[in-house]
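A short worksheet on the structure shown next.
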Amino acid sequence: MASPYSQELKPAEPTPAHPVQSEVVEEVDDCESEDESDDSIRQTSRDLESGGTTAANTPYETASHASSSSGFSDPKKHNEKTTVRVRQLVPDIDPLEYHGLDSSPLPPKKGNRLYRYLRWNFGSVYRRIFCLAFMGNAAAVMWFIIRSGIENRPILTYQQAATAVTANILMAIVVRNEHIVNAFFWIFGTWAKVLPLWARTLSAKIYSYGGLHSGGAVAATFWYAIYLVLLTMDYRSQEGPLDAIRGYIYLFSYAIIAMLIVMLIFAYPRIRVLMHNSFENTHRFMGWTVVGLFWAQIMLQTADASNNSSPHQSFGHLLVRNASWWMLLITTLLIAYPWSRMRLRNVEAEVLSSHCVKLNFDYREVYFGQAIRLTDAPLKETHAFGVIPHPLAVTPAEIDEKSVITGEPIQRLSHCGDKGFSVIVSHAGDWTRKIIDRPPKQIYTRGTPQFGVMRCAGLFSPVIVIGTGSGIAPCLSLFTQHPDHPVRIIWSTPNPLQTYGRALLDLVYKTDPAAVVIDTRKTGRPDLVKIAYRVWEQSQKGVFPDEVKPQARRPCEAAVIISNQKVTEKVVYGLESRGVPTYGALFDS
């Protein structure tokens, strides 16, 4: 039986139809890998200079009742009752041509190659935040060195260096706390919508807060090296043999510095990509071990101080006066907190295809742009998935709405009007394959839902939303919770109908009837930079396809992309270097 997408409305004058090709659903990687080439995920600034992925012929044929031969109209002349085209997914017409987008070469990027590298590659907001955190610590070290030279005496002690270590570790942990991150996004990604456009384009970069985490962690490691030097110098300057307490202090101190260095090595971006599971294990278990050794070290140093340098002060008195003790206590509580919110939840699974499954939860409400961490083996691995709030209840006026891709009544996502949310799990590795093949009835959730880059889409109106593969899932959170928010959608994915189902496609086209949906199984990987830029360019000129909703007939203010790292880097660089504010979660954003 032919797919409903292969049916078309017959025009008044019959025209030859292209045959609809039957398709076999193939297993493909999701948004984390599906649009990557066979080359390594690593790329250089020269790769970014190439401007985007390779364009290919793509699959749209229109059986049309369009209101004009061109399919475009001036917004002032737009008739809201215009009959829209009925689409079908057949490999016939290039998406640029089908959607009336200019296929000529893109305008040149701004500035020379060095400027672009410093501005959008090496000088990304993430790296700028990292440098700010690290250079602040470097400035403190220089201040101590200069002051020591002026006063001709040691100013920095190993106790002060230890305080700097714990302060930086505390900063690195605080900015990863779900409630702190959500507070950042409420302030900069939600309330900032009242600000002018130039201010919103800056505040939307809040998703790069990860630079504080990595900057603090690297600075803590360097401070710890300074601490070890000062500790060794202080102990060796004192007469007498090394006692047991100081021996254990040495042992724990050198064990800590060794593990901190190993954690930094595995956190290096290229190594993290190649050995991701090893990175997670070292980060988690070595991190916990380091915290435990910090506790032992502080206790031993306090005992040593009460026996030697401050014999008239009790152990407890010295401990509560130690700033490092208090910061380590807060750090430990912050690390333990998400695990205290580990819960085994009931889940209803909807198998969409052999490639993906939709998991439905009903234990709480969520907000668009959030992600939840799921696991079936809490100590082994956890995985973050963008949430999809259950759609709003269908109103009587919406019951008979027609699909722009079939002309039939719209199919809707399940659980309309119900409390709860869903996530879409698509094949990206062994764990997701297991969940798809054997959908769970219960699964663990850890912590509270946390905002991500998709939250920034709400700052801009209209906004271009770009997704690849199951990267469309986090975007659906905006479409379901704020269906009237003006958006232009670009979605590139293999076999969209067979993989994700008609209900999801109907939601995409209901949100943006002029959405650019590309089936990469038939077309190859499209040039997303060119497509997104031309959609943005059209909006700036005030020229829109007839299908575009009235509220979206204004210049687009920004673009947001949810994809794998390689595609995200290319699209963000390709658009930003041409003057389009673009937001996408790059590595560890």
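Glycine too: its Cβ is placed from the backbone N, Cα and C atoms.
TrEMBL does not curate its annotations; it predicts them automatically.
If you look up TrEMBL, you'll see 1-84 marked as region 'Disordered'. Summarising the annotation, TrEMBL assigns compositional bias 'Acidic residues' to 24-38. Look at TrEMBL and you will find 39-49, 74-83 tagged as compositional bias 'Basic and acidic residues'. The compositional bias 'Polar residues' feature in TrEMBL is assigned to 51-61. Under the heading compositional bias 'Low complexity', TrEMBL lists 64-73. Residues or ranges marked as transmembrane segment by TrEMBL: 125-146, 180-199, 206-227, 247-269, 285-303, 323-340.
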Recorded stretches the transmembrane segment (125-146) and the transmembrane segment (206-227) touching, at least 3 CB pairs under 8 Å: yes
Residue numbers, six or more beyond the limits of the transmembrane segment (247-269), whose CB comes under 8 Å of its CB atoms: 214, 217-218, 220-221, 224-225, 227-228, 231, 235, 275, 278-279, 282-283, 286-287, 289-290, 293-294, 296-297, 300-301, 304, 587-588
Distal contacts, the transmembrane segment (180-199) - CB-CB under 8 A, six or more residues away: 174, 206-207, 209, 369, 448, 450-451, 455-456, 458-459, 557
Spatial neighbours of the transmembrane segment (206-227) far in sequence, C-beta under 8 Å, 6+ residues away: 124-134, 136-138, 141, 156, 158, 161-162, 164-166, 168-169, 171-172, 175-176, 181, 184-185, 188-189, 253, 256-257, 260-261, 263-264, 267, 452-453, 455-456, 583, 585-586, 588-589
Long-range Cβ neighbours of the transmembrane segment (323-340) (under 8 Å; 6 or more residues past either end): 159, 162-163, 165-167, 169-170, 173-174, 177-178, 287-288, 291, 294-295, 298, 302, 373, 378, 446-447
